[in-house]
Amino acid sequence: MLRMQNIRKIFKTEMVETHALRDFNLEVEEGDFVAVTGPSGSGKTTFLNVAGLLETFDGGDYLLDGQSVKGMNDTQLARLRNEKIGFIFQSFNLLPDLNLFDNVDVPLRYRGFKAAERKRRIEEALEVVGLASRMKHLPAQLSGGQQQRVAIARALAGRPRFLLADEPTGNLDSQMATSVLDLMQEINNQGTTIIMVTHDPMLAKRASRNIFVRDGQVSEVGKEDDIVELLHKTAQVG
Amino acid sequence: MSELGPIFRALLRNKVGAFLLALQIALTMTIMVNAIHMIENRSSMMARPSGLDEANQFYLSSNGYAENFNERAVVEEDLRNIRALPGIVDVTQINAIPLSGGGWSMGLQTETGEDKPSVGVAVYFVDDHGIDAFGVNLIAGENFSPTEITYRQRNEQGWPQNIIVTEAMAKELFPDLTPAQVIGKTTYIGGDEPMTITGVIDQLQAPWVGWSGVERVMLVPQRTEFRSSRYFIRTEPGQRDRMMKEVEEMLVAEDRGRLIRNVRTMEETRDDSYRSYSALQTILWIIVIILTIITALGIVGMVTFSVNRRRKQIGTRRALGASRFDIMKHFMLENFLVTSVGLLLGVGSSIALNIWLVDAFSLPRIGWYYIPVAMVILWLVGQAAVFGPARKASQISPALATRTA
Ligand SMILES: Nc1ncnc2c1ncn2[C@@H]1O[C@H](COP(=O)(O)OP(=O)(O)OP(=O)(O)O)[C@@H](O)[C@H]1O
Ligand SMILES: [Mg+2]
């Protein structure tokens, strides 16, 4: 489904080379809900960006849906992102000048769907996140939790196989965080594979699978692992 | 084009900046249309034929200073001598030079009486060699005969019997008659002194190029005895420069109590007369070009600013599946919309300014095609200006969606 083999990612600046991912190996099965934790700077976002085709990598191989993405050009990657991947960002990343309808519409237009099809999908997606009645509102008129729900609707409207989320609850209070996570769990139950980076072990605990990233490498954490230990590990560096 | 809807709605939420740019584009179009119209108007005025054989013509002035200066004898001998030179087509004494800016005008009318309408006309006193020296064509009637040429004194009030007029003058006096039918008609000068039209020439311009009646000219069969006169000389093709020297040398060779001055070609005279026209054209071109550049830079500035402000939004769009081309298209379309609004405003203001210019300076109306041509030019300028910043926007990494706060 999603397989990374010995992925390397190096950021070069004039002074330093940062090995953000080194021999990063991971296999994610269809329908998984993977929570990624780890100290700050350990490479979580880098991993997610590579997985989501937002960044290229310097070595190793990455198969998305059984297809190697190595050597694909920018247009092919954009197309693949558009069709297979939905993104949820920490700061929601709604387009402030577009109302909710137009926001959810963005990936569908790039997909080239006809107007009627787009309208149906937008309404359906906003329905799922409970904001269908506010279609004409601007993002600024919503609370943070509501904005993140719109972002989820936007990610879902294209019916992607993967939902990638970098700290989706990082800007939300715990009550809103819980409701967003409830929503994500529901989406996962419908069959969408989710990979979520989080700093919050309590939320990570709700995922079906936990991985821990440190120094650009993966170490698996079993479901039964002590939450306290996880907290401890995260606190060490984070 | 499917993007137009949301781009337009988003623009409406950032009205002020977009509207100011649209206004600038409208202003540019207004000035562009009207300035180019004025430029073309001046060009067409400069392109009007004078009727003369300008490339082969020059003139000079001869001013008597001596007590015993015998003008009649000198002029007649001069004209004979000049005409005898090989390379000369013909020469006439004349009171004023076409296109030169200085000359005589009178009013002619078809009915007697001070209160009757009269038509302004430029007056050239020439002899029977006038038509030939000008290089104009007689299209009806006859040239003056050598015997009817008289001498005119400085303060003389009366007029000779016969005149030749241009076709334009004949039409103005007798709108319904052909040139042939005008021959023999009587017109009145100074209110009630009759003159008979004995010839019509096709075309000849007055001394004043800015005058609306520049085509209205009459030839009067007289030589002037004003102690200062001009000779208007036409040479064989290509002989002008040589003949200028030769004629001048010949005339100054013998001391006849006069000075030869101001030997000039018709081409210089035309250039002088239209110098303010070409200066105006240059200034207008500079204004149009500078304004267009400023507008283009304004677009570059605004798009650059908006790209920098929206880097994260662009990254997000890229993350959501926009290709580089989609991002470019986004900014090009946005600019197209702003430019279009500006150009639509510009159509109105261009026409409004033209109507005012027509009223205030009796400039002609703009041709309809100015509007679409200016629109296309400014659309292209807009798209060219937006290209660079849009390309930079398209290079923004999709990773920016997750990498910025
Ligand atoms: N564009 C970049 N240029 C240079 N170095 C970078 C760049 N992006 C990330 N890095 C470096 O790569 C390493 C991994 O960064 P990454 O953002 O993946 O960490 P993270 O686990 O997401 O951290 P956090 O929990 O703070 O978000 C860090 O050392 C970081 O400084
Ligand atoms: Mg991160």
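The backbone N, Cα and C atoms fix where each Cβ goes, glycine too.
A TrEMBL annotation is a machine prediction, not a hand-curated record.
Features as listed in TrEMBL:
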type: DOMAIN; residues: B:52-248; note: domain 'MacB-like periplasmic core'
type: TRANSMEM; residues: B:283-307; note: transmembrane segment
type: DOMAIN; residues: B:286-398; note: domain 'ABC3 transporter permease C-terminal'
type: TRANSMEM; residues: B:336-357; note: transmembrane segment
type: TRANSMEM; residues: B:369-388; note: transmembrane segment
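Taking the domain 'MacB-like periplasmic core' (B:52-248) as a whole, pLDDT averages 94 in the prediction.
Within the chain carrying the transmembrane segment (B:369-388), a Cβ under 8 angstroms from the stretch's Cβ atoms is held by residues 25, 28-29, 32-33, 36-37, 292, 295-297, 299-300, 303, 331-332, 335-336, 338-340, 342-343, 346-347, 350-351, all 6 or more beyond its ends. Residue counts for the domain 'ABC3 transporter permease C-terminal' (B:286-398) under DSSP (helix as H, G, I; strand as E, B; rest coil) come to 96 helix, 0 strand, 17 coil.
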